[in-house]
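**Student:** Per TrEMBL, the feature transmembrane segment maps to 15-39, 51-76, 88-111, 131-153, 181-208, 229-247, 267-290. The domain 'G-protein coupled receptors family 1 profile' annotation in TrEMBL covers 31-287.
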Amino acid sequence: MDDKFISKLSPTVDFWAGIYLVIIAILSILGNVAVLVSAAHRFALLKAPELLTVNLALTDIGMALTMYPLSIASAFNHAWIGGDTTCLYYGLMGMIFSITSIVTLAVMGMVRYLVTGSPPKTGIKFQRRTISIAISGIWLYAILWALFPLLGWGSYGPEPFGLACSIDWTGYGESLNHSTFIMTLSVLCTFLPCLVVLFTYFGIAWKLHRAYQSIQSNDFQYGSVEKRITLMAVMISSGFFMAWTPYVAVSFWSMFHSKEQSRMTPFVTLLPCLFAKSSTVYNPFIYLIFQRSSQHKLWRLLRLIFCCSYQANSSAEGGKLEGNVVRDSDCSIFGTGTDETCVGLMGAPSSQSGSEMMTLG
């Protein structure tokens, strides 16, 4: 096996890195599946800008399913599995999903800026078709950049610690081909989207500041909702940047320092890579935490489970319920039956509709 694919870490570090990635993969899949299931269940009610959050969940779960298994297996193997072929595959998937994520966040910021009104003017209303076209453009843009190294502009290569592959950052000073690709990629796929996110959210903050100055007491709820939605988007974007900033910093350090000049140990280069992968975990949890309806859906689910369990137990005793009747339709979580018959068992249902949702729209 080529020495560049042999792990530069100790077997113990490889083992615990593999365990960490297993945990990250499980949490990422569960969290993002929850977001996708929630979106699928209320697809007809989704606002157009909310499709961007769904797209972000797709990129996160795509990364977890296509990349993490190979990293986990390589960590436990103490060497990269598959050589150059899987290295190209891993780098390609990493480019597609990471660029899609950061550009989605930039578009999300622009959409939030445009839909946030500045009284007395209202914000722009986006149609699903417009957002769908934007999402398609994001994926095509990411795929184009991912294919450039395969077409001869730039290249993919193993990370310094030997258990992952990405853009060959160390080739920056080796040829004009590598240096032009890395610099263009950095500007158009990293710095520019970051600037868009920063400027749009500063613009949103200014709009909300002006709105709060002129807002009337009876419109306070509107301002509160806008603040909550914007805070959710800011937290998702901030989390992404905090996760990826150390990795970008180490990558740029590698660009301007040769392997002989760089004093970073393989373990130091491993940590930012592991930290960056955590971005696929907390995005869905931030999204779900900011959805008030998730709490009510959970409460309704518990009531239904209790009712159906009580029904089953009572049926075994002759089908009699003392002062309460539970219909079969109430045992369908997504059915059309009401859960009013559970009132006597679990208390009054929430006054808020289960379809109420804090979205990015």
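Every residue gets a Cβ built from N, Cα and C, even glycine.
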**Student:** Count the CB pairs under 8 A between the transmembrane segment (181-208) and each of 15-39, 51-76, 88-111, 131-153, 267-290, then give me the winner.
**Tutor:** 88-111
**Student:** For the domain 'G-protein coupled receptors family 1 profile' (31-287), what's the model's average pLDDT?
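**Tutor:** Across the residues of the domain 'G-protein coupled receptors family 1 profile' (31-287) the model's pLDDT averages 82 on the 0 to 100 scale.
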